[in-house]
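Engineer: Under the heading domain 'THUMP', Swiss-Prot lists 60-165. If you look up Swiss-Prot, you'll see 183, 184, 208, 209, 265, 287, 296 marked as ATP binding site.
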């Protein structure tokens, strides 16, 4: 059917009271960003719902984008007709017939903001219900949990009909909770952490530590591809790559093997603290899950968090690996994450890292390296890229083959 509008219903915005307008404005901006390449669209974000006027654009493609926008509870493709009951009958019958299968039931739900229209909501329900019963053989009325809900909205600019409700992504509009910085490795966990933070309204920027020649260009491209996948939920993301080679080499040379990982992570956290403050962020996010590996014990977290006063948020902290993998599969990051390109966290990993490092020793071993100079040179080499949904950074088959040779 040729839809004319998509009606969007908000998610958790109803809980925000006097801040509701700000949340709706943020959602409107995010929707416009997600639909930027549909030039004929018009987006009207009103208090109760959002109306997206299609003006001839492809409804299916638009709805595919809307499914990924946080802050949307659900939405319905709609058809506008003139304020004439014969036109309403014709369109409603066609809508119901398109969905009807033997044994199905229906009900009608009418809202009327144009109180000058000649019929009230009960009259519209009765008249339209009678027409559907007369023209759709075998259909029955059911007021509770029907198969088809025909929604009718009588507005000043016409009557809008819809019979399909599509679930949105839920959550809060990206940006309403402030800016966060994600430590994005090439693994399974950190993209899931980023997704979960974005779902709670965080404007997430992606920070990746890059250690050439120990890590390959394919590993960097893989991280950018993960960022592009996550950008589908916000419209675009900033990707920040930090050179980490010199830091890793000096740590390996001067720090005992058991504390290599701890001191390395302390330097990463120092750099994250600096970048987050430069970018006016409010928190650091990572994909640590309690007790999975040596860097993720509580003793390790104490030793690593020691270098920052910013909140370090871990959205997957209590999840099992199977739970994390399930989300990664759902958001299309899993297949990318398991591609065989090593990141900087694995290339210098010692065979037996300390699972319960001591804070005083961590500080003492870190003093053996030139923290100030190393950080200054790393920050001077930072590169930033704006990444949009659908951008291709990784020619999967060719790059995997080349890496394995």
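Using the three backbone atoms N, Cα and C, a Cβ is placed for every residue, glycine included.
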Engineer: Have a look around residue 209 (ATP binding site) and count the other CB atoms within 10 A of its CB, chains all included.
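Structural biologist: 26, counting other Cβ atoms within 10 Å of residue 209 (ATP binding site).
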Engineer: Under 8 Å Cβ-Cβ from residue 183 (ATP binding site), six or more apart in the same chain: what's there?
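Structural biologist: Long-range Cβ contacts: 190, 207, 209, 268, 272, 284, 285, 286, 287.
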Engineer: So what sits near residue 296 (ATP binding site) in its own chain, CB-to-CB under 8 Å and at least six residues off in sequence?
Structural biologist: 288, 289, 290
Engineer: Within 10 Å of the Cβ of residue 208 (ATP binding site), how many other Cβ atoms can be counted across all chains shown?
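Structural biologist: Summing over all protein chains shown, residue 208 (ATP binding site) has 26 other Cβ atoms within 10 Å.
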Engineer: Relative to the Cβ position of residue 287 (ATP binding site), how many further Cβ atoms are located within 10 Å?
Structural biologist: 25
Engineer: Tell me the Cβ neighbour count for residue 184 (ATP binding site), meaning other Cβ atoms within 10 Å of its Cβ, over all protein chains shown.
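Structural biologist: I count 29 other Cβ atoms within 10 Å of it.
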Engineer: On average, what pLDDT score does this prediction assign to the domain 'THUMP' (60-165)?
Structural biologist: 95
Engineer: Please state whether DSSP places residue 184 (ATP binding site) in a helix, a strand or coil.
Structural biologist: coil
Engineer: What three-state class does DSSP give residue 287 (ATP binding site)?
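Structural biologist: Assignment for residue 287 (ATP binding site) reads coil.
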